[in-house]
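As recorded in TrEMBL:
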type: REGION; residues: 20-57; note: region 'Disordered'
type: COMPBIAS; residues: 26-35; note: compositional bias 'Basic and acidic residues'
type: COMPBIAS; residues: 36-45; note: compositional bias 'Polar residues'
type: DOMAIN; residues: 63-322; note: domain 'ABC transporter'
type: TRANSMEM; residues: 376-394; note: transmembrane segment
type: TRANSMEM; residues: 406-426; note: transmembrane segment
type: TRANSMEM; residues: 438-461; note: transmembrane segment
type: TRANSMEM; residues: 482-508; note: transmembrane segment
type: TRANSMEM; residues: 514-538; note: transmembrane segment
type: TRANSMEM; residues: 545-567; note: transmembrane segment
type: TRANSMEM; residues: 644-665; note: transmembrane segment
Amino acid sequence: MAACFQQPISITTGDDSAILFSSNSSDHDHSHEDQTSTGSPSSFKHSPPSDHNHHYKTTTYTLTTTNLSYSTQLPPTSSFPFFHKHKSVSILKSISFTAKSSEILAVVGPSGTGKSTLLGVISGRVLNHKEYNNFYPKSISVNDHPISHPSQLRKLCGFVAQEDNLLPLLTVKETLMFSAKFSLKEMSSKEREARVLSLINELGLSNVAESFVGDEENRGISGGERKRVSIGVEMIQDPPILLLDEPTSGLDSTSALQVIELLSMVARTKKRTIILSIHQPSYRILQYISHFLILSRGSVVHNGSLESLEETIVNKLGIQIPVQLNALEFAMEIVRTLEDYSRSKDEYNSHGMEVVLWPDQEDFDCFEHRNSPRKTGTYCFLTIYLFEIMFLCSRFWKIIYRTKQLFLARTMQALVGGFGLGSVYVKLRRDEGGVAERLGLFAFSLSFLLSSTVEALPIFLQERQVLMKESSRGAYRISSYMIANTVVFLPFLFAVAILFAVPVYWIVGLNPSIAAFAFFALVVWLIVLMASSLVLFLSAISPDFISGNSLICTVLGAFFLFSGYFIPKESIPRYWIFMYYVSLYRYPLDSLLTNEYWSLRNECFSWNNNNNNRNNSIDYHQPTCLLTGNDVLKSRGLEDDPRWINVGIMFGFFVLYRLLCWIILSRRASKTTF
């Protein structure tokens, strides 16, 4: 089993091999002495540690950029984009700096200067797309080894986005445990738990370990604690280089200081290289930052310590720093002056530098997913796949169980809907009026069941952000997510179907047959399954809740209109006839009608009794049947029994919408850069 989770330890580029995951004995001894002297036990060691992990943890990393430039093209503003010339905008201009281990490098500058873009580039999250140009990848090197593909950077760098994309209904411990399960599959469950507990203690989250993360709607931990949890999600793998985009944004001064103190401790005790962007740090934060990279309009205006910045301002620019301001705060006020001074020195000249994109080659597949099926055997691949599905199922169930409004709403909807409809259609008559009422009951039930899944839209939208982040970083596959979602929701929606079907079927007095009731319950289950898949698919393509809700209502309204209930098939315009065949209403409606009347085809539901009085003599005519069960079916074009064919079609819709969702989410994940 251990062989399934073995990870590669070198980065290979063509014929050259850059051994980035190895260290000599002297490095090891030095690291061991440092850790002993600090008296702080490492929370990132395996127990017992393997040789591979031992080497990996003691290597120090220095990241260097040389004349790094990056630009993008603005979208066309013309009504005729094919004839519009794209305008290229330069975002980063010849950026050069060095980030060393055990230190924090802060990227500082006004808004819109390219801080987030710089972090995205050096973390390997620039996409290989035609709109990106003027980016030379080999201008980035790690330990003097040039980087030639973004997957190498993604493997080495942990990245904490500005927004905390966390699941609010998981506790702090559960959030880190699931991150460990997805990222550290090679560990045993006891080793993962020990590592998570140690990390919680190091992050200062022990007192909130069992508290929910929470969000704007669900009260949870504080903003500073949420940020530390986001950092912990990245630190669980102990990345040698950690990048953070505005980690103090939105935090009060005390929480911001605690986050920076934590990062400083990690840099010193773990000998990690930390690069973060920060807008305008407070005076207390400055003491924890070793180097400052100040940007202005995409160019470097200062690269060095706070003392060297003060010397530049006072001695070289001849400007006195006000007493109430520190050198960095004052630098933000005179950033254009610093930019002019820096340009005059012409220290960052990139003339003659070749400009290319990331290479379009497949030599780096092993870094996209550590356990790629092309690099492991079938048994190992299936084992990893099963582990991912099991972990995701466990997380799904926790979220569903704790989402009280969804859990209770679906349960109450099924019960209220079943008993409510039953109370309206109590013991329907078996006459012509009863036939019409049964058709109305089936149509309304379909509309009720298909629209009852809309409340799951905001939950899917919230999960989508976390899904994109985790899947884009190789924590698990989108297909694992879809399978786990299906496995968990199948029994849950089956329970919903039974809660609705039992009261409505027997109170209304539908076909009194156990087989007919079982088929009715099956159709109701397939209806909610189709609706769930449809909502999942539409949530994948919807940008927000308002758009998604409008889209769902529009699609369901169109399906209902062309189901054949309001407009017969023969009356539907030819250019809309395709909607009749793709309507989610048509097939269950036909199945329910067939289930009700197929065994009653010869039963009469309407009689013609005429009494003619002639010459004081009474002739009793034989009653004539006007409507049979077979006539009801023929009015819908159901001359043959289509029930099981329709069941197959409904199941096909259930699978189809999930496949479409999988395709869309996979494309989104491939373009995700956070």
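Just so it is clear, glycine is given a Cβ too, placed from its N, Cα and C backbone atoms.
Quick caveat, the model's predicted, so the values are computed rather than measured.
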Contacting positions for the transmembrane segment (514-538) when only residues 6+ beyond its ends and CB under 8 Å are counted: 445-446, 449-454, 456-457, 460, 485, 489-490, 493-494, 496-498, 500-502, 505-506, 548, 551-552, 555-556, 584, 588, 591-592, 595-596, 599, 643, 647, 650-651, 653-658, 660-661, 664
Tertiary contacts of the transmembrane segment (406-426), as residues 6+ beyond its ends and Cβ separation under 8 Å: 400, 437-438, 441, 444-445, 448-449, 452, 455-456, 459, 492, 496-497, 499-504, 506-509
For the transmembrane segment (482-508), distant same-chain residues with Cβ under 8 A (at least six beyond the ends): 388-389, 392-393, 396-397, 400, 410-411, 413-415, 417-419, 421-423, 425-428, 438, 441, 445, 449, 517, 520-521, 524-525, 527-529, 532, 536, 658, 661-662, 665
Beyond the flanks of the transmembrane segment (545-567) by 6 or more, those residues with Cβ under 8 Å of it: 439, 443, 446-447, 450-451, 454, 457-458, 461, 534-535, 538-539, 576, 579-580, 582-586, 589-590, 636
Overall pLDDT for the domain 'ABC transporter' (63-322), taken as the rounded mean: 84
